[in-house]
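According to Swiss-Prot, the protein has these features:
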- H198, H200, E205, H247: Zn(2+) binding site (BINDING)
Amino acid sequence: MEVRQGANARDVKGYDTERLRNDFLIQNLFPADDFKLVYSQIDRIIVGGCMPVNKELTLEAGSELKAAYFLERREMGIFNVGGNGSVIVDGTEYKFKYRDGLYIGMGSKEIKFKSEDSSKPAKFYFNSTPAHKTYPTVFIDPEKDIKDEFKLQLGSVEGCNKRLNRKYILPGQVETCQLEMGITTLEPGSVWNTMPCHTHDRRMEVYFYFEIPEEDIVVHYMGEPTETRHIIMRSEEAVISPSWSIHSASATHAYAFIWGMAGENQDFDDMDWVDMKDLK
């Protein structure tokens, strides 16, 4: 597990491209038959991924957590962005197709991942945050289980930002201690997300971009509103966004992204909007 320290806005505005990428960008999230785990000291979120191909994978706590098992003091949300597969939680198997999700509450001891077909392996992306209480484990099929009020059609064709935001893990849909996750999908011809942009001092966020053709890129915007920076990203990469940073993107092709948040306020609308004229 890689551990990354927090970052403050005064320092970050002096970072060069390499430093920005080293501190905030997460690549190679789906190693074959292994895990990629990044522990960010920003709100103690863990960003991870795995791709079981020839064997079943078991998630271990490792020395970094100083815990008997991974979810001893944590909760997590898992999404599948590959072929069909399964997650087994303390002996209960949850079968995933593409874009299915799962919330696992604190205290679950054994978490295993496997693919249905090794030639089309599942790709499991997940976020994990500290927890103080056990909530029920919940499987989420986006076509069947997400309530209408948690499916938001946003943007417009004229604004090149028409998109559907599905809130998978959020109070009222799935109860958690602090973790919130969902998927936003841009329609063909739309390339902007979250513009006008915002920050939220009470939460940090991680974006995971996917469904981007190999020859295309996403330009992720970050930094304070008056000190913006960018990171060039490609499909199946994630980026850490501190609470003081904007988090927005444009791209050379439509795309989707999984958003995950950690912090003290689960009110999704608790955002500090930034007027376009104030951006620099």
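Residue numbers in this text run from 1 along the chain shown.
Using the three backbone atoms N, Cα and C, a Cβ is placed for every residue, glycine included.
These numbers come from a predicted model, not from an experiment.
Shown on the structure are the features that Swiss-Prot records.
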residue : record              : Cβ within 10 Å
H198    : Zn(2+) binding site : 15
H200    : Zn(2+) binding site : 22
E205    : Zn(2+) binding site : 24
H247    : Zn(2+) binding site : 24
DSSP three-state assignment for H198 (Zn(2+) binding site):
strand
For E205 (Zn(2+) binding site), the three-state class that DSSP assigns:
strand
DSSP three-state call for H247 (Zn(2+) binding site): helix, strand or coil?
coil
